[in-house]
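According to TrEMBL:
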type	residues	note
BINDING	B:7-14, B:53-56, B:113-116	GTP binding site
BINDING	B:N18	Mg(2+) 2 binding site
BINDING	B:G22	Mg(2+) 1 binding site
DOMAIN	B:1-162	domain 'FeoB-type G'
TRANSMEM	B:276-294	transmembrane segment
TRANSMEM	B:324-348	transmembrane segment
TRANSMEM	B:414-437	transmembrane segment
TRANSMEM	B:443-461	transmembrane segment
TRANSMEM	B:497-515	transmembrane segment
TRANSMEM	B:527-551	transmembrane segment
TRANSMEM	B:578-596	transmembrane segment
TRANSMEM	B:608-628	transmembrane segment
Amino acid sequence: MLKTLSEAEIGKEYRVIELRGGLNFQRRITAMGLYMGAIVKIVRKAPFRGPLLVDINSSVVAVGRNIALKIFVEEV
Amino acid sequence: MRFLLVGQPNCGKSTLFNQIAGYKAIESNFPGTTVSYTESKFILNNEVISIIDLPGTYTILPHDYAEKVTRNYIFENNFDIIINVVDASTLSRGLELTLELLEMEKPMILVLNMIDSAEAKGISIDDKLLSEILSIPVVKTIGNRGIGVESALEMAYKTAGKKIANSIRFRKDVESSIAEIMKCIKEFIFNKRFTAIKLLEKDDYIAKKVTLCEDTGRVLSDIRKRIEESHGIDSEMIVSYERHGLAMDIFERVAKFSKPKRNFTKVADDVLMHPVWGYFFLTIIVIVFFNIVFKLGQPVEGWLTAIFDNLSHYLEHYFPASQFIGSIIAGTINGLSAGIGIALPYIFPFIVGLSFLEDVGYLPRIAFLVDAFMHKIGLHGKSIIPLITGYGCNVPAILSTRNMNNESDKFKTAFLATFIPCSARTIVIMGLVGYYLGGNMALLIYVLNIIVIAIMGKILTRIDEEPSPGLVIEIPSYHLPTIKSLSQKTWFRLKDFVYVAFPIIIVSSVILSIIDYFKLTNWINRLLSPITTFILGLPQKVGVTLIFGIFRKELTLIMLNQALGTDKIATVMTKTQILVFTLFIVFYVPCVSTIAALKMELGTKKTIVISLTTIAVALIIAFSARIIGNFVF
């Protein structure tokens, strides 16, 4: 089932299915390894709707919630 | 010969650079405030070689200021070889930049840095196979221990000037699209294929620099349509996806995996990024940090200002202040005393501490922790760094907004940073409110200050509706910083501060001496009395201190004693007046050094807007304090 990265649960692995944003958004996000098809794992979430900490290919990236809302994932 | 160090952020490039710079350096040329790459010269095989450390970049299609510096340098300067540094523990992502650089077909070697962290993660890399696949030399290094640095330099020296043939190719249909675009190119950069790839990626910078035949637009839009139909992604992104796929394939071929060792970073982050403990430790770290800065700064300030005091007493014998030349000399020495004796003792430990937190890798974690709060005032986590820096000095705070991702974030962050009470303003707060009204009242000023900043942030977000792009930031593993890289970072930042602030501090001190010499004080007091007496209800005599405060905030305290003719302020000013005066000083107009920094980063118009706004805000707050104070005290 497709959901946004911000709804993803800690500890589970997801595949990035869609990046819903313009070219700048896609360039910024893929530079960090968040390509469509990439497998990501949510490591932790900051409280008060803060950023998510995401593990991608052994590097760790903090993703703000507004950005996470534009990243669609499915559980693997 | 010129070597370029190019790599992604956090790949340990600067640590490597410091090893080289310290190793055989004969001369180091440090950056001013307009460029942010560093150059160092050293001797290798009896030849002088200059090595350039370019800011970390994920691709050469830049998104932010630092990345633009790197891109511009590569395209606008001559060099003999690129030393591409990759963090071996995140090789698959690092290789994407490597593949992009290879497309330029410039002489290049690959340095696999931080081999030790990769091994700790259970990744071992076959460097020979990697070198075969990429057809460039590959050298393994551990930058912070200097291991492999010498062989990397020797390899770079041997390979310099040797053109490479890039044999790596994308999938067939992408390559045929590239070939089609190549036919349209009349004048190219580096080579036709590279230029065609950049056109496909919609790199406007390259597009402006090349000559194309007339129907390029049509050819490109046909290709775009075709790619989007068959691949289902934006055509501008296709090459990134191709490189990503290739990088993953290469990584899987050259890497062997074993069980990772216990991961210190993960253990530490379970505490330092914890939803409760994370904030607890952040608070502790900030408190300890500022305590150290001020505890170290105070005695040093005492010693240094004493030296300058003695010097000015000594010189007064020969050039009495009653003569014009004497007052100029006194002004110059006062300026030096302020810069070296007052500002540096606080700014130096502050910068060392900040560089330490940066090198350890804690700063991006602060950004992670505070992002949610910063969103409430229209900013995001990255803005916290300039704001924290502001408590030390606004000048480096404003300069550091350069790293913000877009103009709107940069403007808002710089604007809010000018409200932060820097160490000079802290001297005034402690010396007046802290001394006469008590520590709690002083603390209240800091709390009020944060509230005002939050409200200003809200207002700015209302006016400027461009939504902030939000936070995307890599969280690197923790690293123990090396002394070399710490001292160099400190030196760069200190030098930035000295270049911007010192000339202004000295010139303004001389101007102040001249005001004094020509006895303009009364005239200024009268001129400012509508503000000082009418709106704020302060003694007319304090007018001149406000002018001094524009030049250097901490001067208001010293000048207040002088203007009122006593150091027992409480005998001539009421509690309300002391509070009103301090609040006005904290909020009105950034000092001239900060104004210079603002002008450099944001331009004249925005600087004027910011300065005038701060005066309005200061007047509103100080006036409110006057009303409220009359009830409370």
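Each Cβ is built from the backbone N, Cα and C atoms, and glycine gets one as well.
Values in this document were obtained by computation on a predicted structure and should not be read as measured data.
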What is the interatomic distance between the Cα atoms of B:D53 (GTP binding site) and the residue listed as 'Mg(2+) 2 binding site', given in whole Å?
9
What whole-number Å value do you get for the CA-CA distance of B:C11 (GTP binding site) and the residue listed as 'Mg(2+) 2 binding site'?
14
Reduce the DSSP letter at B:P55 (GTP binding site) to three states and note it down.
coil
Using a Cβ cut-off under 8 Å, which residues of the same chain at least 6 positions beyond either end of the transmembrane segment (B:443-461) come close to it?
376-379, 387, 412, 415-416, 419-421, 429, 433, 582-583, 586-587, 617, 621
Reduced DSSP assignment, B:N113 (GTP binding site):
strand
Averaged pLDDT score, the domain 'FeoB-type G' (B:1-162):
87
Just jot down the residues in the same chain as B:P9 (GTP binding site), at least 6 apart in sequence, with C-beta under 8 A of its C-beta; none if empty.
B:G56, B:T57, B:Y58, B:E474
When each of B:324-348, B:414-437, B:497-515 is checked against the transmembrane segment (B:578-596) for Cβ pairs under 8 Å, which one has the most?
B:414-437
Between the transmembrane segment (B:324-348) and the transmembrane segment (B:527-551), are there at least three Cβ pairs closer than 8 Å, leaving out pairs fewer than 6 positions apart?
no
Let's check the environment of B:G7 (GTP binding site): how many other CB atoms sit within 10 Å of its CB?
30
